[in-house]
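Quick notes on the structure that follows.
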Amino acid sequence: MSSFTKDEFDCHILDEGFTAKDILDQKINEVSSSDDKDAFYVADLGDILKKHLRWLKALPRVTPFYAVKCNDSRAIVSTLAAIGTGFDCASKTEIQLVQGLGVPAERVIYANPCKQVSQIKYAASNGVQMMTFDSEIELMKVARAHPKAKLVLRIATDDSKAVCRLSVKFGATLKTSRLLLERAKELNIDVIGVSFHVGSGCTDPETFVQAVSDARCVFDMATEVGFSMHLLDIGGGFPGSEDTKLKFEEITSVINPALDKYFPSDSGVRIIAEPGRYYVASAFTLAVNIIAKKTVWKEQPGSDDEDESNEQTFMYYVNDGVYGSFNCILYDHAHVKALLQKRPKPDEKYYSSSIWGPTCDGLDRIVERCNLPEMHVGDWMLFENMGAYTVAAASTFNGFQRPNIYYVMSRPMWQLMKQIQSHGFPPEVEEQDDGTLPMSCAQESGMDRHPAACASARINV
């Protein structure tokens, strides 16, 4: 199991009575007296560990292979490596990242059905054998570049109920699957299993049932062709926050019976999945600062207000946008909600408002319309559930830098991490509720002790 130490990244252990929100407020207070009120994240690594415990309870037969593309921050990958997850990598760079943290090759699946030949060769030279394919061309590339590969056939699914659809780009049909299996046999390439992905943000858990059923058909085809498959990869699409229509346990309550029906526990089939946002979405909170403000009246050009009155509306410009962390709005169909760092007065008036990013592109709009009390330059806004498909795809367009990330973890979670490293997961460990986890802010296990003010540490990613 990979190590989890201070040397890898800076993480502060929270003292009893402190929460990640306290660290966020503290950091805001620290920078508020300076001119450099840059956007930043606070990320709770303990939240990721709690998600893992929840996974073990809800999907006991399924081994998670974290989708690195979702958030490739070193601290995230290191945390997941330390608790024993596998990793879904899509490129040479992602493979280098996880193997650089000591993750063995057998805990990596190269889950990209369309790979560059040089990167297939890199995987071969570094012991990564499991990889996906969905076409004859890919089979031929692998046969030449990595003949000892253990291939996983990616099949298409009905992802019409997903927010982000993937089967339009990846996946073989059932008819094509037989042809590909026959061709793999001719090329003497080993096909060990089937993978699918129902799409990100799936709103119908029954989609998983059909996909598992289709996978069973392909397993049976493989037996007829002469393969002995033993791996099923059920992909991703699991929610990572509680603000979704479909909850995680609602999905798993449908998946588990389907797995038991088509791939019973005595079938000898290993089952894995590729969760990404599930692990990281809720761990990250982003703080942005208002850098400019504009008052707009209904009759003024550029106002979208349909209100008959001449009441003013406000445009707020903040120091992160769709070319940075909020790229999730464009590419991940995210709907974000601004929270106020300062609690408004009970009788405070609210105005129709819009929120814009810092770049010179008119497309850089974060929130088209929301109701906010009047705010001012220098005030802060918070955005929760910002861990998935945000930092990984952020650019520096117009010269705006990516936000720094400040990592924290509660003392109980830290102690559990050390126990896992030393002795593995304790028997019958159960997910602990947030309310039973006192958050602490001091260092232990050789880490420097900080004063009760609970200063946070910075890591650049």
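Using N, Cα and C of the backbone, Cβ positions are placed for all residues, glycine too.
In summary, of the candidate residues LYS69, LYS92, LYS337, LYS418, the record from Swiss-Prot lists N6-(pyridoxal phosphate)lysine for LYS69, whereas the others have no such entry there. Between SER303, SER309, Swiss-Prot assigns phosphoserine to SER303; no such entry appears for the others, which is not proof they lack it. Across the structure, ARG277 (pyridoxal 5'-phosphate binding site) and LYS69 (N6-(pyridoxal phosphate)lysine) are spaced 10 Å apart at their Cα atoms. A distance of 19 Å separates the Cα atom of CYS360 (active site, proton donor) from that of TYR331 (substrate binding site). Nearest Cα neighbour of GLY276 (pyridoxal 5'-phosphate binding site) among the listed recorded positions (LYS69, TYR331, ASP332, ASP361): LYS69. Between the recorded positions LYS69, ARG277, the minimum number of other C-beta atoms within 10 Å of a residue's C-beta occurs at LYS69. Cα of LYS69 (N6-(pyridoxal phosphate)lysine) to Cα of TYR389 (pyridoxal 5'-phosphate binding site): a distance of 8 Å. The binding-site residues in question are GLU274, ASP332, ASP361, and the one with the fewest Cβ neighbours inside 10 Å is ASP361. A simple way to gauge crowding: the CB of TYR389 (pyridoxal 5'-phosphate binding site) has 25 other CB atoms within 10 angstroms, across all the protein chains here. Of all the binding-site residues in the list GLY237, GLU274, PRO275, TYR389, the shortest Cα-Cα distance to TYR331 (substrate binding site) is found for TYR389.
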